[in-house]
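**Student:** According to TrEMBL:
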- 107-112: disulfide bond (DISULFID)
- 151-190: disulfide bond (DISULFID)
- 210, 212, 223, 266, 269, 305: FAD binding site (BINDING)
- 409: active site, nucleophile (ACT_SITE)
- 409-412: disulfide bond (DISULFID)
- 412: active site (ACT_SITE)
């Protein structure tokens, strides 16, 4: 009997423990929503559509890796770098006429206007370099470059040369210069207009990118025209498909180059939309003489632009494309790092110039340390056909540069042109045969580089490249802020 009681008592104890354990497990499952359980799809789409995870398609890394790398290492460094004088003054022509349709959609809102830059605010070193221009390969063919006093004053070679006519006509000088400029432009993916008659310096810190109220048919016409540039080959069905935003599933049916083109444009579009949502005009003062706006995050607008319910399920894919263009520009900076370390970042303010050079060395070292860079060699690798594809790429990106001249809001145009030019500079770096040749020759390791190196970037291109990458970095950082609210 005693033995039976002991067995019964042990069974009751075991049952009690099992019941207690079961209750604990049920409570934990309810509390955590089940570690291995699939989240309710409707609720996920409603609250956590920006909780991206997993692989970034067409790349070798995942979203979490990029989030941590950007938010912890890249973003803080860029924030301190881009406020420096070298990067805050950007020369651009905002007066260029729209080449595609009548300029009939000017934004009349006061927040669309670009605040002019005071002449005395621009560092003298930047103005001097701009006035004398960066001596490109075409400079050697100008008439000024042919006047060399150090040679002509030492000895008279006319008698030795006899009847040989060594003069070159003005017309020939102009034609040589045009040829050299054409050769340089062959590698460009965008139009640089900083030497145009209407180009002026703009202080980017005085004109931050944010929501200005510019929207509606005019803004939609801009983006529709840009997406139509993704139509390769002139097929009518393809053109109709790209007249709106391409469904994610259809991307599987196009080649890698075309898919990459679309994802780059979509990522740029997503990034700009995030800027507008994070710096939204929440209210404005009624002071007519000195109107002031209050800008801040607008979660409702963010959900409207990216939620699956309002985008036919495409919003999360558009956000993922932001990471794709980020990796493209990150790789360009890594590839150009040896060249960028040789820049002097001259403004004429000695102490700050030295600070910028040290900050750039640190920034570039961090960028080079990234383990899963975009592989640019995967594109344009199909032999003869890839040559034409690369040419088409350049023409389409140049056309997007021209479309930016049709933006009706000057401040939107400023940031649209800057980010397009920065993207074009990144693509120029990734697919420049001259840069490949210079790097293979070991030119960047030499103590001194000749005045006319094989590959070079203008100051405007460098400013656009880093500010454009800064905008992408900012978007990924702001995504984390929106996630916190939506959680």
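Including glycine, each Cβ sits where the backbone N, Cα and C put it.
Note that TrEMBL annotation is computational and uncurated.
Structural setting of the listed features?
**Tutor:** Sequence-distant contacts of residue 112 (disulfide bond), defined by Cβ-Cβ distance under 8 angstroms and a gap of at least six in the same chain, are 212, 213, 214, 408, 409, 410, 411, 412.
Neighbours of residue 190 (disulfide bond), defined as other CB atoms within 10 A of its CB across all chains, total 25.
Using a 10 Å Cβ-Cβ cutoff, residue 212 (FAD binding site) registers 20 neighbours.
Taking the Cβ of residue 409 (active site, nucleophile) as centre and 10 Å as the limit, one finds 25 other Cβ atoms among all the protein chains shown.
Of all Cβ atoms in the shown protein chains, 25 besides its own fall within 10 Å of the Cβ of residue 412 (disulfide bond).
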**Student:** Restricting to the same chain and to sequence separations of six or more, state which residues have a Cβ under 8 Å from that of residue 107 (disulfide bond).
**Tutor:** 212, 213, 214, 218, 408, 409, 410, 412
**Student:** Rounded to whole angstrom, what's the largest C-alpha distance between any two of 210, 212, 223, 266, 269, 305, listed as binding FAD?
**Tutor:** 21
**Student:** When a 10 Å sphere is centred on the Cβ of residue 266 (FAD binding site), how many other Cβ atoms does it contain?
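**Tutor:** A 10 Å sphere around the Cβ of residue 266 (FAD binding site) contains 25 other Cβ atoms.
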**Student:** C-alpha of residue 223 (FAD binding site) to C-alpha of residue 190 (disulfide bond): distance in Å?
**Tutor:** 17
**Student:** Taking only the Cα atoms, work out how far residue 269 (FAD binding site) lies from residue 190 (disulfide bond), in Å, as a whole number.
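**Tutor:** Rounded to the nearest whole number, the Cα-Cα distance is 17 Å.
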**Student:** Count the other Cβ atoms sitting within 10 Å of the Cβ of residue 269 (FAD binding site), across every protein chain shown.
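**Tutor:** Result for residue 269 (FAD binding site): 19 neighbouring Cβ atoms inside 10 Å.
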